[in-house]
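K.L.:
I'd like to ask you about the structure that follows.
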């Protein structure tokens with residue numbers, strides 16, 4: 001995890017943007033990405049999803065991508081701290097990425113290529129959390145079913161909050177929800193290949209768990225990405241508690 005930046009000092013020092021595109025993050029609309037990302041990050045912090053500078057959030061708005069900075073206290077982010085990229089943009093090398101606004105003294109998110117992977121498949125918002133429940137679920141799946149297994153759960157009302165795939169509606173109560181799991185890597189950007197493979201093998205998924213790390217969740221709108229992330233986190237916590245009681249996650253497997 002990057003060393004934490006004292007974001008309050010950065011804010012006080014002002015900004016010196018090479019492109020002078022401050023207008024991109026200035027809006028009175030609370031739903032504007034530059035306002036919405038800080039608000040979402042504050043909520044995620046209170047929920048324990050982005051503790052200790054971990055995690056991140058990005059929103060695509062037309063041909064622009066708005067991204068929270070890396071290595072900062074997420075609950076303190078302000079609109080002027082947001083990076084803006086042109087979309088589409090190359091994932092690699094990082095030097096080729098088309099930033100059109102870079103706040104001074106802040107580092108672009110290490111999650112950037114993973115966010116771009118989600119946007120390339122049509123997502124409009126991608127959220128990365130370090131939820132304890134997501135981490136615990138990856139450990140339980142590995143111990144019970146092995147490293148190649150997905151997280152699977154059925155016959156729980158909350159799975160109806162997760163899409164079955166683009167244009168395929170939402171999961172039904174009796175369906176089995178499957179979330180792929182990839183291995184963690186020493187550096188965040190190195191997760192990109194694993195995420196791409198998981199999406200290729202599971203083209204309908206809206207989330208990928210990262211073992212011993214957290215989860216990436218995306219949606220067709222920022223609101224959908226947020227509510228899907230909430231539903232998944234609720235399901236992960238429930239799964240941990242069910243395991244304590246010896247209750248199966250996927251009733252369809254026991255029939």
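Every residue, even glycine, has its Cβ placed from backbone N, Cα and C.
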K.L.:
Which of these, 32, 61, 64, 213, does Swiss-Prot say binds Zn(2+) at the same site as 128, 130?
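P.N.:
Candidate listed by Swiss-Prot for the same site: 213.
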K.L.:
How many Å separate the Cα atoms of residue 128 (Zn(2+) binding site) and residue 111 (substrate binding site)?
P.N.:
8
K.L.:
If I take the Cα of residue 157 (active site, proton donor/acceptor) as reference, which of the binding-site residues 111, 130, 213 has the closest Cα?
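P.N.:
Closest candidate to residue 157 (active site, proton donor/acceptor), judged by Cα separation, is 130.
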K.L.:
Around the recorded Zn(2+) site, report the further residues of that chain (criterion: Cβ within 8 Å of the mean position of the Cβ atoms of 128, 130, 213; site residues excluded), sequence-ordered.
P.N.:
54, 55, 129, 131, 134, 210, 214, 215, 216
K.L.:
Among all chains shown, work out which of the binding-site residues 128, 130, 213 has the most CB atoms within 10 A of its CB.
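P.N.:
For the binding-site residues 128, 130, 213, the Cβ with the most other Cβ atoms within 10 Å is 128.
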K.L.:
Does DSSP put residue 128 (Zn(2+) binding site) in a helix, in a strand, or in coil?
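P.N.:
Reduced to three states, the DSSP call for residue 128 (Zn(2+) binding site) is strand.
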